[in-house]
Structures are given as structure tokens and as C-alpha cells.
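The compositional bias 'Basic and acidic residues' annotation in TrEMBL covers 26-40. Annotation comment: TrEMBL describes 1-40 as region 'Disordered'. TrEMBL lists 60-86, 92-119, 140-163, 183-203, 215-233, 253-273, 294-315, 335-360, 399-417, 423-445, 465-487, 493-515 with the feature transmembrane segment.
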Amino acid sequence: MADIQLQELSKRAGQRTTAIPDDDGFEKQPDLDKDYDPSHDKRDMYRLGKKQQLKRRFRYFSIAGYIIVLGNCWEFSIVTSAFSIPNGGTGGAIWMTIFVIIGVFLTVVSMAEVASMAPTSGGQYHWVSEIAPKAVQKQLSYAVGWFGLIAWQVSLSSCAYIFANQILALITLCNPDFVGHGWQASLLTILSSLIAVLLSVFVMQKLNLAEGLAVVAHVLGFVAFIAVLWVMGPGPQTSAYDVFFTFEDQNDWGSPGLAALVGLIGPIATFIGGDPAVHLAEELQDASYVLPRAMVSASGINYLIGLVALITFMFNIGPINDDLYIYYGQPWIAVIYRITDSKAATIVFIVIIMINFFTLQVNSVMTSSRQLWAFARDNALPYSEWLARVADDGIPRNAVVVTTIFAALLSLIVIGSSTAFNIILSISTAGAYACYIVIVATIIYRRFDGNDFPPTRYSLGKMGLPINVLSLMYLSVAFIFIFFPAAPNPDPIAMNWACLIFGAVLAIAFSWYFIKARKVYDGPVEYVRRDMQEYTT
């Protein structure tokens, strides 16, 4: 009877789930490593009620490299300092970054535990479906799925826009008379997104090599940046007290403390959670064991080098004035040029940053399209059947196409708003943090409701509850300031419209829910097998 019910639900989900045969429904994959034992992946997919459709190309080092490259923390930390410097000064930037790193790392650890329980490309919306209160499982899961959709669909635009800004800054450095316009940034954003999509689709077979090269570029760029600033910069002569405890309110919020909190958007966007790899779980070998460990270790490495880069940068920033922003609003370029007194050296650093942000775009395409594909697989979106198709090479090409179109449309915001960067970053981080808040809150709920968690290979033990509570406290504070404008009393052009856009997308999402999705979206928990024994290693 259970199998008959499961078959019926599976038809509605557009997939086939059967009693587990000898090969567990796994397709033959000749590119897997010879020493790879797929037994846990088979069991996980069987328990989750999903058919293996994607190819498991990743191992620990490739997925950890993927997280590190997609995090790009040291590059982001110096680029997004443009928000923190006027809102809090050097002291505000450093202490708010430390605050964010502690909070978001606790969040990553919290998610790592449930990622091991359910290593699926659906990620957070699946976890919520399994552990939320039964009365609201379906609705919360649907909402979290859309939160994640907003976060990752917008992320490609934000990465491409940062890349476009570096190009315009490079032109400004070479030609001081150049005046950039919004349409130029928009076209560059669209173009770089398209190239990143093409590479993510057609270079998939050599992905491990590509990830390795991207990690090398990321690390060598960091070493070069730190070496130049430590050797040539005025850092050693700069007072540590002045750097760590100089708080400024250049935008007139009325309080340096409030200004520093408003500047949170910089480090929040920089040190995003280590969850991008979650949406590649069905392409990872031994996912329930490898995924949580890769999330925690890669995030820790990223956060550490990001903090080192930021502190080093703040020691060398010098006077905070308009001269910092003459290169298309990029303070880090002004600092490098002043320290090296060499246009050629500064150009080299800009090119390094551009390369790293471009590889970040390629990885962003993968995470965004997989999250979209997984949500469509569960019948949560319009045209779900079309979006959930997977090509013969194991790539959800239709989901990639939609991701590309969305990125191109969103980049048009850049034409009409001088604060588009703030808006785009805010939308993406708001979606991600909304996911984090719901999943951590439901984890805390499950610890008290008397029901056991699904089996996990990465248990937090007795430390789980305090880690979850501290994470939720941080997320609640950070989420509020994501929607703040860069300066008080903004005019319509300078306003942070992220709140309006975020709300509008959710309104559309739940309109679709009441029109059709509530009839066909059952929530992933309905497909989970409950007739298999728990397993541990």
C-alpha cells in the first residue's frame, strides 16, 4: 500500500520512484572514481524518493573549491567596503565583519547538520518540509523555496554587475576623462552573464580542472594583494587603535553605532553562507558525508582570508575622502594605485579581481539553475515539467536558460538607478537570509517537539541547540538592516527598493500557489520513504 501511494505521489511530482532494485535506480556513470562507493548516495536518494538524474562529478576537494570560489570572500570584502567605509568607518567595517563572520559561521554549521540528513538539490525547502510543524510544512516549504529562488536567481546578476564595475573602473583608470553610464554597466552585466552561462554548460566535462584553476587564481591573487599591502603600504606605521576604533558617520545617520549597523550590508553580502554547494548535492559523491564537511571547512577558510584581507585593507586605506571613489566607486583601486604608484601594477590587480569574479559567475549559474530545477521537479513553479527536464549530459539546460533570461532582465535596473548595486545585493541577501531564518527556526522547533531528526552523518550533539539559537539571534538582527538605504532620507532614485521587489516576488509566488501550486505541490516530505532502517557509519 505504501508503494502504491508513493507511486501516485511521484506521478504528480513528474518523477518515477520504485521499490529499490539491485542498482537502486542509479544510472551507470563511467566518469565516477574507481574507489567511489555509491551505497550511501543510493540510500539517500531512495529515502528522499528521488530518481538519480544528474551525474555525480564532484568529490570533496572539487566541491570545497567550488564553495571557496563562489564565496570569493577576500575579493568581496574589499569591493563591498564601499558600503562600510562611510557607514561606520574602519572600526565599524572591521567589527561588523567579525560579528557577521561569527553569526554566519554558526548558521553554516547549523545547516551542515541537516544537509547530511537530506543531501538534495532542493536544499532548504526540502529540509523545512521534513522538520517543520506538520500543519505548516507545505506552506513553509513553498515559501522557503521561493526565498531561495530569489536569492540565487539574483546572485548571478549581482556577481555580473560587480564584474562590470571592475571593467568600468579599469577604463576610468586608463582614461580619467571617461564617464560611465548605467546602460554601459547593464550591457556588460548581460554580456558577462551570457558568457558565464555558456561556459557552465559546455565546460562541465572538465569542471574539476576548471575549479582547480579557479581556486589557484583565487589564492594567488590573495597572496599578491596581501604581500603588496604589507610590504609597500603604510600599514606598519598606522596605529592599530585608530584602525580598530575609529567609527564614522559620514552619511549622517545621527550615530556612529547606527551607521555601522547600516554598513552591515557589505559584510553580509560578502560572507554569505556556505550553502551554494547544497544545491549540487545530487552531483556530489558520498554527499551525506562530504557535503557538511566541505561546507564548514571551505567557509572557515573563506571567512579567515576575507577578514585578513579586510583588516589589511583598512590599515592601508588612508584618509577617507572623495578621492577613494574616483575609479567608478571602487576604493580598493585608489588604495592600490596610491601605494604602488604604478598604473600597470594596478591594472594587473584589477584583471585578477575580474578573473575571480568571472569564475564566480560560472559557479553562480550552476547553483542558481540547480535550485530552480529542483523546485520545478517538485511542481512548485509555472511550467514545472519543462523546467525540470534534464539533458542527456546531465545538465538541466532549461533551468539554465531561464536563469540567464532573469539575470538579463534584472540587470536593466542598473540603467535607471545609481544605487543598483545596493538594491541587487539586498535582494539576493534578503532571499538567502530568509531561507536561513526559517530553516534554523524549524531546527530549533524540532529539538523540542519530541520527534527525532532523520539520520545524519554530521551531528552537532549537545552543542546543536546553543549553536542554532545564537545563529537565529544573529540572523534576526542582520535581516533588518539588509533593507536599509545607503544614506538617510533618500530620494526615490537612491532608495533601497529591495523590500518592494522582494515583497512583489513573494506576492506573485503565493498568487500562483493559490491558483495552482497548492493543488500539485505536495512538498518533498510526501515522497520521503519511511520504511527503511536508519543507517550510520
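Just so you know, glycine gets a Cβ as well, placed from its N, Cα and C.
Counted over residue pairs 6 or more apart, the CB atoms of the transmembrane segment (493-515) and the transmembrane segment (253-273) come under 8 Å in fewer than three pairs, which marks the two as apart. In this chain, the transmembrane segment (335-360) lies close to the transmembrane segment (140-163): three or more C-beta pairs between them fall below 8 angstroms, excluding pairs fewer than 6 positions apart. Using a cut-off of 8 Å between Cβ atoms, the transmembrane segment (253-273) and the transmembrane segment (92-119) share at least three residue pairs, counting only pairs 6 or more apart in sequence. It is 423-445 that, among the stretches 215-233, 399-417, 423-445, forms the most Cβ pairs under 8 Å with the transmembrane segment (140-163). Scored on C-beta pairs under 8 angstroms, the neighbour of the transmembrane segment (92-119) with the top count among 60-86, 215-233, 399-417, 423-445 is 423-445. Distant neighbours of the transmembrane segment (60-86): 92-93, 96-97, 162, 165, 207-208, 211-212, 214-215, 218, 221-222, 225, 248, 250-251, 259, 263, 265-267, 269-272, 274, 276-277, 280, 284, 290-291, 293-295, 297-299, 301-303, 305-310, 313-314, 317, 320, 324-325, 329-332, 353, 356-357, 359-360, 363-364, 366-367, 422, 425, 486-487; these residues of the same chain sit at least 6 beyond its ends, with a Cβ under 8 Å from one of its Cβ atoms. Segment contact holds for the transmembrane segment (423-445) and the transmembrane segment (465-487), given three or more CB pairs below 8 angstroms at sequence separation of 6 or more.
Only residues 6 or more beyond the boundaries of the transmembrane segment (294-315), in the same chain, are considered here, and those with a CB under 8 A from a CB of the stretch are 60, 63-65, 67-68, 71-74, 76-78, 81, 90, 93-94, 97-98, 101, 104-105, 108-109, 111-112, 115, 222, 225-226, 229-230, 233-235, 238, 240, 243, 270-271, 273-275, 277-278, 332, 335.
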